[in-house]
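S.K.: Sharing the record's features from TrEMBL:
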| type | residues | note |
| --- | --- | --- |
| DOMAIN | 1-496 | domain 'Metalloenzyme' |
| BINDING | Ser33, Asp423, His424 | Mn(2+) 2 binding site |
| ACT_SITE | Ser33 | active site, phosphoserine intermediate |
| DOMAIN | 53-273 | domain 'BPG-independent PGAM N-terminal' |
| BINDING | His92, Arg122, Asp123, Arg158, Arg165, Arg238, Ala239, Asp240, Arg241, Lys313 | substrate binding site |
| BINDING | Asp382, His386, His453 | Mn(2+) 1 binding site |
Amino acid sequence: MDSLKNGAPDKWRLVKAHGTAVGLPSDDDMGNSEVGHNALGAGRIFSQGAKLVDQALASGKIYEGDGFNYIKESFENATLHLIGLLSDGGVHSRLDQLQLLLKGASERGAKRICVHILTDGRDVLDGSSVGFVETLENDLSQLREKGIDARIASGGGRMYVTMDRYENDWDVVKRGWDAQVLGEAPYKFKSALEAVKTLRAEPNANDQYLPPFVIVDDSGNAVGPVLDGDAVATINFRADRMVMLAKALEYADFDKFDRVGVPKIRYAGMLQYGGELKLPSRYLVSPPEIERTSGEYLVKNGIRTFACSETVKFGHVTFFWNGNRSGYFDETKEEYVEIPSDSGITFNVAPKMKALEIAEKARDAILSGKFDQVRVNLPNGDMVGHTGDIEATVVACKAADEAVKIILDAVEQVGGIYLVTADHGNAEDMVKRNKSGKPLLDKSGGIQILTSHTLQPVPVAIGGPGLHPGVKFRTDIQTPGLANVAATVMNLHGFEALQTTSQPSLKWLRTKCWPFAMSKFCCCSS
């Protein structure tokens, strides 16, 4: 990466990958892989995730839609269960949105509410779970004073309970199912605050991996299992770690684990988590409609495309890149390759992940002469960075670097063009810092490790023998972001944007402005 920057500084720059640049509410909001790839592929900024939910809550539309009206049918005689990440990290959920939803549901007839919490420690500082639980318990206490039976019913750490993704480990979802739906868990407590404090006191414990627990009454019975007639809403707005639970809640023919008991419920997601699966079938906030993506336009204009990653990021270079759309635009011109990710281990155990395999697939695709665009995602810096293991993250970044080198060598061989970028920051900074940039220390004097994404910009580098020697980045875009990358890609393919009076429109005109109109092109997100 240093060689790309130092070798051609006019073909390297930093762009925003968080906040308003990718459709999130404010520049205090970290970017993530889903919104990043939406912006990279679409070339435009759409209201995303948290911002969609914020708008729906602020306007009250969330309470007028089919999803809320559906679960509302259970309010009179049954329980409303809210399941999701208890955090203010803004990546998967936000505490203030849960607070507003609790208020809105109680004002609209909910008489009994059970909250099933998942502690974070990944997108926020480890140990912050205690404060979040205290805040939520205070809110629920105020609801009880108004005659509403509102309480926390179960919990567990996000990486050990419920929030698996890409079907990597269904046991994670089963632990959540047992606690949340069946009311069964290895640990039982009278309160969530007692649960979190006690479990965190165990050796090597952290918020991400707290074991599942249930809250019980004086007789030892779980206070909030899901029963026939109840309503369930999953409160996360980000899709990837809710899809598996959504399948368990909604699919009649579900077979990934023994659910034991399957109550007849009314279920809605905060958003629709799987656009290609139409899952869940009901949701509180409608997803953004992303049409006219760069991928669709290129394929329909004859650009042959290859996309590859390992399981944990495969959906990002396909589904999210293509505007939350599954499948091929034209299977005669596209090939998507998924390399299975390691399962049953944390990513720092094998930090090289599948970088070499991805690079080899990309190299082979480039050298084959069959494709005009090859795009891959190397997940190492993100996935291993989340573990907080700095030594393993160094290994991960080296592996990604080696993979990029393999791919760029292939681009060199065919006289092609490359573009290297990232969908958000993570591994470039592994410590929590104060406002002056100095590392924060814990009570014992050790550095506080940062496991979340960052708010820092990401690099974009272009080059390769197929790049016209006069090409360089524009300098007249005041605050470039990931949404500008699609236009760059289109330009490198020999297209140019048709301008409107106000903003670029994703309508493209094939021109002869570059001699490399059909050159091989590799977009590597590392």
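Residue 1 is the first one shown; counting continues down the chain.
Backbone N, Cα and C define each Cβ position, glycine as well.
What's the neighbourhood like for each of these?
M.R.: Sequence-distant neighbours of Ser33 (Mn(2+) 2 binding site) (same chain, six or more apart, CB under 8 Å from its CB) are Asp240, Lys313, His316, Phe320, Asp382, Asp423, His424, listed in sequence order.
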S.K.: Given the binding-site residues Asp123, Asp382, Asp423, which one's Cβ is surrounded by the fewest other Cβ atoms within 10 Å?
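M.R.: Each of the binding-site residues Asp123, Asp382, Asp423 was scored; lowest Cβ tally within 10 Å is Asp123.
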S.K.: So of all those binding-site residues, Asp123, Arg165, Ala239, Arg241, which one's Cα sits nearest to His386 (Mn(2+) 1 binding site)?
M.R.: Asp123
S.K.: Out of His92, Arg165, Ala239, Arg241, point to the one nearest His453 (Mn(2+) 1 binding site) in space (Cα versus Cα); all of them are binding-site residues in the record.
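M.R.: Nearest by Cα distance to His453 (Mn(2+) 1 binding site): His92.
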S.K.: At a 10 Å cut-off from the C-beta of His386 (Mn(2+) 1 binding site), count the other C-beta atoms across all protein chains.
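M.R.: Cβ-Cβ neighbours of His386 (Mn(2+) 1 binding site) within 10 Å number 22.
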